[in-house]
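Inspection log for the structure reproduced underneath, given as structure tokens.
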């Protein structure tokens with residue numbers, strides 16, 4: 001009796017329900033060729049629970065096709081034929097029992113572009129196509145590029161795994177093929193370059209090179225690739241020192257550099273690495289916590305001194321290690337002459353010559369054009385040479401017969417240059433073995449000739465003044481006419497045991513013995529010229545100048 005009473009109530013509730021067919025799906029979907037796309041979809045249809053429960057089938061069709069005869073693009077009905085071109089690429093992903101009609105489209109092709117509609121069937125009562133809500137699919141050209149993933153930073157000498165993947169791709173459709181190209185790859189194992197994953201052991205020279213991953217779907221003309229530049233971390237492998245843009249030669253982490261004393265020096269230290277190493281210069285060989293003299297790769301010395309000769313070290317510090325190089329700085333100088341000087345001594349003419357240079361120079365004496373080299377002792381000369389540090393000293397003793405005009409020169413040289421000095425001895429001793437007599441006779445002759453010349457000049461001047469006084473009065477200049485007309489030629493500086501100039505003050509007159517040793521290099525007389533009167537009103541007078549000569 002109770003079921004009969006409830007039956008009208010159930011009928012009343014059923015009569016209030018209205019059959020509803022609804023579909024929620026995107027109206028337009030765009031996908032690149034060869035990629036995948038998921039189209040979310042949900043639907044509803046009128047169904048009463050007291051009906052029988054036949055299976056629920058859903059279908060996706062191309063727009064314009066007749067559902068009863070056309071092949072579907074996707075369905076859950078195993079008895080319906082699916083289009084061969086969409087087989088495996090168009091798939092239903094949702095649970096249709098939960099009214100999920102989501103559609104997965106893989107390996108999209110240009111011919112897939114078009115409109116699609118959804119249909120639901122269940123038993124004899126539910127057969128409905130949702131023509132009002134269609135899906136518009138557009139397939140465009142592939143512009144997506146693969147991604148290259150580095151599982152860890154690239155470090156020189158350490159194996160690193162890489163992977164290549166294409167965003168938006170899926171397993172639907174033919175498989176993807178991969179290929180890797182780049183200078184960092186080993187040509188001995190080509191199989192490793194055909195996988196989506198790659199193990200790479202980079203080298204320092206691989207930094208900055210290109211690595212390319214190319215993807216292609218088998219059986220399709222779809223190809224895409226991406227190229228990346230490798231960023232390889234590596235410690236310094238070599239250090240180069242440049243001077244004026246020219247690299248110095250380095251042997252066994254040591255470089256030798258000669259520098260002229262007083263010259264400016266600028267050195268550049270270069271150590272390629274990634275990231276860049278910290279460069280610094282140290283004096284000598286640096287200890288663990290030594291303080292650098294330069295915190296950059298540049299070392300500047302404004303004026304190189306001999307005290308700076310020695311070692312400098314350039315160090316390149318890097319997180320992966322350090323490297324350093326030793327520079328041996330050698331300060332050199334050209335020969336600098338001190339001398340030569342000559343003097344008469346008991347054993348003969350004694351000449352001395354000194355040179356300073358780095359390295360110490362070699363010395364050579366020349367008598368006229370005849371070289372006198374080394375330490376030797378022969379009949380007419382004796383040479384003695386020595387060196388200490390940058391100094392080289394040599395002495396030359398000449399004895400025996402010497403020519404009247406004697407030229408003695410001293411020359412020094414090292415690998416960087418040479419310098420020489422000479423002494424010209426005029427009217428020297430003709431023969432040291434004959435003693436003082438020849439020298440005295442020669443000196444007396446010179447003094448007699450000088451007195452005659454002075455007397456003749458004095459007579460001519462007195463005669464000229466008398467003629468001027470007779471013609472017109474004039475006042476003579478206070479200057480001594482005789483001293484104004486006599487000039488002495490240049491001569492060499494006297495030797496240490498020789499006297500000073502002949503016109504020395506009376507208080508400094510040299511001893512008689514030294515006066516005997518005096519020799520003139522030359523003596524000349526200039527042409528006499530008449531002097532113009534300075535004061536016309538002065539009375540006519542005659543002036544005499546006293547001439548003093550050493551005896």
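The backbone N, Cα and C atoms fix where each Cβ goes, glycine too.
So that you can see what the record holds, here are the features copied from Swiss-Prot:
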- 17-441: topological domain 'Extracellular' (TOPO_DOM)
- 100: N-linked glycosylation site (CARBOHYD)
- 189-210: region 'Disordered' (REGION)
- 210: N-linked glycosylation site (CARBOHYD)
- 231: N-linked glycosylation site (CARBOHYD)
- 236-330: domain 'Ig-like C2-type 2' (DOMAIN)
- 253: N-linked glycosylation site (CARBOHYD)
- 328: N-linked glycosylation site (CARBOHYD)
- 375: N-linked glycosylation site (CARBOHYD)
- 384: N-linked glycosylation site (CARBOHYD)
- 393: N-linked glycosylation site (CARBOHYD)
- 469-551: region 'Disordered' (REGION)
- 518-523: motif 'ITIM motif' (MOTIF)
- 528-537: compositional bias 'Basic and acidic residues' (COMPBIAS)
- 542-547: motif 'SLAM-like motif' (MOTIF)
Excluding the flanking five residues on each side, which residues at least 6 beyond the ends of the region 'Disordered' (189-210) place their CB within less than 8 Å of a CB in that stretch?
154-165, 176-183, 227-232, 234, 237, 272, 274
Across the motif 'ITIM motif' (518-523), average pLDDT on the 0 to 100 scale:
34
Across all protein chains in the structure, which of the glycosylation sites 231, 328, 384, 393 has the highest Cβ count within 10 Å?
393
Write down the Cα-Cα distance for residue 210 (N-linked glycosylation site) and residue 100 (N-linked glycosylation site), rounded and given in Å.
47
In whole Å, note down how far the CA of residue 231 (N-linked glycosylation site) lies from the CA of residue 253 (N-linked glycosylation site).
28
Looking at the glycosylation sites 210, 231, 328, 393, which has the shortest Cα distance to residue 384 (N-linked glycosylation site)?
393
Would you mind checking how many other C-beta atoms are within 10 angstroms of the C-beta on residue 100 (N-linked glycosylation site)?
15
Rounded to the nearest Å, what's the C-alpha distance separating residue 210 (N-linked glycosylation site) and residue 328 (N-linked glycosylation site)? Just drop the number here, would you?
41
